[in-house]
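Novice: Sharing a structure below in structure tokens format, with a few things to ask.
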Amino acid sequence: MPAHIIDGKAFSAGLRARLADEVKGLAGRGLVPGLAVILVGEDPASQVYVRSKERMAREAGMASTTYRLPAETTQAELDALIGRLNADEAVHGILVQLPLPAGLDPHRVVEAIDPAKDVDGLHPVSVGNLASGAPALVPCTPKGCMMLLRDVLGDLTGARALVVGRSNLMGKPMGQLLLAANCTVTVAHSRTRDLAEECRRADILVAAAGRPLMVKGDWIKPGATVIDVGINRLPPEPGQEKGRLVGDVDFDAAKEVAGAITPVPGGVGPMTIACLLDNTVEAACRMAGVERGRDA
Ligand SMILES: Nc1nc2c(c(=O)[nH]1)N[C@@H](CN(C=O)c1ccc(C(=O)N[C@@H](CCC(=O)O)C(=O)O)cc1)CN2
């Protein structure tokens with residue numbers, strides 16, 4: 001039987017609608033969550049994502065400002081802007097869009113952000129909190145993957161989970177979140193021996209390697225839940241202006257074997273921005289000492 005197709009677009013729309021209700025309640029009590037997004041340079045995909053972040057934050061009733069800086073911006077200029085946003089009480093979340101242009105150090109940039117406003121969950125304090133089981137602001141894409149997994153599977157206890165990819169933004173925090181959900185977790189990467197066999201053992205397979213169509217249909221355990229985090233643009237076919245968007249998983253083959261699978265586009269991607277909004281509300285409530293959930 002073909003797999004259940006996990007509709008991340010619909011799930012994200014539902015989450016954003018619930019957040020809009022919550023924000024309305026908070027605004028009535030004088031707390032308007034504020035998001036500041038910094039984009040350095042002109043990466044075309046980043047421009048699209050940043051525009052969507054601003055639009056969706058505003059649609060949810062939040063205050064949102066985007067700072068667009070030229071690619072030649074120096075580290076000191078970026079540090080100074082982050083310093084001003086750290087001190088601004090109307091700003092509860094700060095995000096620096098990645099990747100950064102060459103010459104800017106992403107570690108230094110992330111470390112300049114006040115950990116209480118680190119809605120990307122990348123600051124060493126956030127990373128440490130997640131690893132040690134303390135309340136943490138969690139990176140948006142893995143947080144979205146967990147929401148989808150819990151929606152499809154409920155309790156994940158005891159599941160054998162494989163994460164392919166070890167980035168700070170996705171693979172590493174995803175491994176931590178699955179571990180916290182009582183899965184038995186393996187994190188694989190480009191140097192893993194016999195990746196196909198590792199995949200075949202997984203009840204939950206999270207592909208975040210950034211390699212188009214890398215995971216083949218016969219790598220998937222029958223009935224497994226497959227979360228495809230890859231967003232890769234293939235070269236255009238003759239006569240096409242743009243190439244097709246594909247994930248890290250060969251979707252057409254995988255859906256014949258998996259129990260459930262996320263498509264690309266329309267799977268994990270839309271969850272990233274919804275979870276950014278959720279993290280911004282979370283940061284605002286923590287700063288104001290407001291307990292969440294009463295207004296939703
Ligand atoms: N500071 C950060 N930088 C980046 C992050 C991040 O979480 N924090 N993630 C990605 C980009 N990203 C958000 O920033 C993002 C990626 C994809 C989508 C999305 O909705 N994708 C759609 C397809 C979009 C398309 O047509 O290209 C989908 O998968 O359906 C949203 C946000 C890297 N940088």
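Backbone N, Cα and C atoms are what each Cβ position is placed from, and that goes for glycine too.
This is the feature table in TrEMBL:
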type	residues	note
DOMAIN	6-120	domain 'Tetrahydrofolate dehydrogenase/cyclohydrolase catalytic'
DOMAIN	139-286	domain 'Tetrahydrofolate dehydrogenase/cyclohydrolase NAD(P)-binding'
BINDING	Gly165, Arg166, Ser167, Ile231	NADP(+) binding site
Novice: For the NADP(+) binding residues given in the record (Gly165, Arg166, Ser167, Ile231), what is the largest pairwise C-alpha separation in angstrom?
Specialist: 16
Novice: Scan Gly165, Arg166, Ser167, Ile231 for binding-site residues whose C-beta lands under 6 Å from an atom of ligand 1 and note them, or write none.
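Specialist: If the test is a Cβ under 6 Å from any atom of ligand 1, the answer is Ile231.
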Novice: Mind tallying the domain 'Tetrahydrofolate dehydrogenase/cyclohydrolase NAD(P)-binding' (139-286) by DSSP state, helix then strand then coil?
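Specialist: For that range the per-state counts are 55 helix, 26 strand, 67 coil.
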Novice: So for Ile231 (NADP(+) binding site), how many other CB atoms are inside 10 Å of its CB?
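Specialist: Other Cβ atoms found within 10 Å: 18.
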Novice: Near Gly165 (NADP(+) binding site), which residues of its chain come within a Cβ-Cβ distance under 8 Å, counting only those 6 or more away in sequence?
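Specialist: Residues satisfying the criterion: Gly171, Val187, Ala188, His189, Val206, Ala207, Ala208, Ala209, Gly210, Val229.
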Novice: Can you check which residues sit near Ser167 (NADP(+) binding site), meaning Cβ under 8 Å from its Cβ, same chain, 6 or more apart in sequence, and list them in order?
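Specialist: Result: Ala208.
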Novice: Could you break down the residues of the domain 'Tetrahydrofolate dehydrogenase/cyclohydrolase catalytic' (6-120) into DSSP helix, strand and coil, giving a count for each?
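Specialist: Counts, helix then strand then coil: 60 helix, 19 strand, 36 coil.
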Novice: Let me know how many other Cβ atoms fall within 10 Å of the Cβ of Arg166 (NADP(+) binding site).
Specialist: 18
